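First up is the structure itself, then whatever we jot down about it.
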């Protein structure tokens, strides 16, 4: 089904470090009154506040015209006679986790006085590795073992014949992933392998971090920076200058993943029909006074609480009353409270199943644990409460939390533009619900937002910026958007933004779902945008409205000639939604379009589409 435009069917800060490098001490530029005032203020701050304030001062210093005459500049001049040794940090990130770890590493390196540069993998030229002495790569893994979109080019370069010998390079790799997937931390493992093959030396063992990565990543960063300081000093490549506390880098916002903003739920409205098999909610959250800003393509992180009833059900399965206490981050909590607010109690994982098989003695689970594929399939389709139901087992409170991962926030693609909604943020949330042995099962975050959180209630949120899913800078550039189901969310943001910017570029949307009458999300809005001309074209695919199922990839192929023409006209392509099937099918459809309409062999068509990704003209936000 297709719709065209306008139609619709004070001391010397270095006096204790004089032995480090033999540099002259850096004199304090503060008078006694300034220094005493600073000391009094600093003494009242927490460590988190100190980190923020130090970065704030550093940011101010960087923008002062007289910065060249500051003690930092003097310190730099004192070591400039020697070759500049530095640490280069490269992040390969899809959703922002690896970027966050890399930014934390950068801040910590600066606080240690280490010269450091931070690069998005898409902005780093692989050949420059031959000029580096110390590199740390922070890499997440996308989909089924694929490199994140921003790292595809670097990942391919290191496998190519053009990759240089790296015998002078020392490196470290921190890999992020989810052990529920077969190719756990694959991208990080790849980078480790490729660098070693090119002759580089690892100065610290690679760490493979699971979804609750924060503590492990923090410890690894500490150890890695210690080794970097040792090797930089021993190699005499550069002297480590211990900078004043004010030189630590600033965080981008007062509110972040570790320090979320307590916002208010304004609206939770079901936008699927009463006879739909889905419950999809339009969520509006008030950010007034937070100072939080976002761009189209960004995500909102939501810290949610688990169902109290589910926590009680789990406790009953393992013989606990709920009043037993556990220690979580130095805080003593009842086990029931801990399950509600601190631990993941919905989604299972292979490690949990294997450990419970051992504790319970369940023959069924022990047999599953011997087959990785079957174990992975079972854990993906069985919630924790149902794993524990396999065999009644008495656990202590500490044994129970030893099986569980820490609770992590859920990221949702933002469905609004601040140019349109100001200090609000909108989401499109599909409630995850299904039956298991005649029992209703729900997703943790989606049921919190759609069922348990009432309008006017508090929700802790933060903005996760996504530089890998951004509108073209040139407003005349055409865009093609493919977003079935809740994958429509960022494109609502895109269209709102393009309308408010009076962007002249054409906009083409492919949307799909089950039925036209029950599942056409934001239907009235798309009608309005078609009528006004903001939306140039809309093609929809409702899979259950006819005998033969039709999906968005079929609509792309039906319009192959026009899609190819838009690509030739410079269009950017965006895909959002399911990674397991939809994204792959859409990718294959685009390759077929290039093959047929571009009159090129299949291999060349594949390369053409991959080149679009490298040029950031083909961007994906898939999950």
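Glycine residues also receive a Cβ, built from the backbone N, Cα and C atoms like all the rest.
The following features are taken from Swiss-Prot:
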- 93-98, 140-143, 176-185: FMN binding site (BINDING)
- 346, 380, 410-413, 428-430, 434, 443-446, 623: FAD binding site (BINDING)
- 543, 544, 549, 550, 551, 552, 553, 585: NADP(+) binding site (BINDING)
- 87-225: domain 'Flavodoxin-like' (DOMAIN)
- 258-472: domain 'FAD-binding FR-type' (DOMAIN)
- 1-32: region 'Disordered' (REGION)
Review point. When DSSP states are grouped into helix, strand and coil, how many residues of the domain 'Flavodoxin-like' (87-225) land in each?
Key: 57 helix, 32 strand, 50 coil
Review point. How long is the line from the C-alpha of residue 184 (FMN binding site) to the C-alpha of residue 623 (FAD binding site), rounded to the nearest angstrom?
Key: 15
Practice item. Please name which of the binding-site residues listed here, 140, 181, 553, is nearest in space to residue 412 (FAD binding site), Cα against Cα. Key: 140
**Study point:** Coarse DSSP state, helix versus strand versus coil, of residue 553 (NADP(+) binding site)
**Key:** helix
Check your understanding: Including all protein chains displayed, how many Cβ atoms other than that of residue 96 (FMN binding site) lie within 10 Å of its Cβ?
Key -> 22
Study note, to complete from the structure: Students should find that the Cα atoms of residue 346 (FAD binding site) and residue 181 (FMN binding site) sit apart, in Å rounded to an integer, by 17
Review point. Looking at the binding-site residues 181, 184, 412, 551, 623, which sits with the largest number of other Cβ atoms within 10 Å of its Cβ?
Key: 412
Point to revise | Local Cβ density at residue 430 (FAD binding site) - other Cβ atoms counted within 10 Å | key: 19
Review point. What's the most sparsely packed of the binding-site residues 445, 550, 552, counting other C-beta atoms within 10 A?
Key: 550
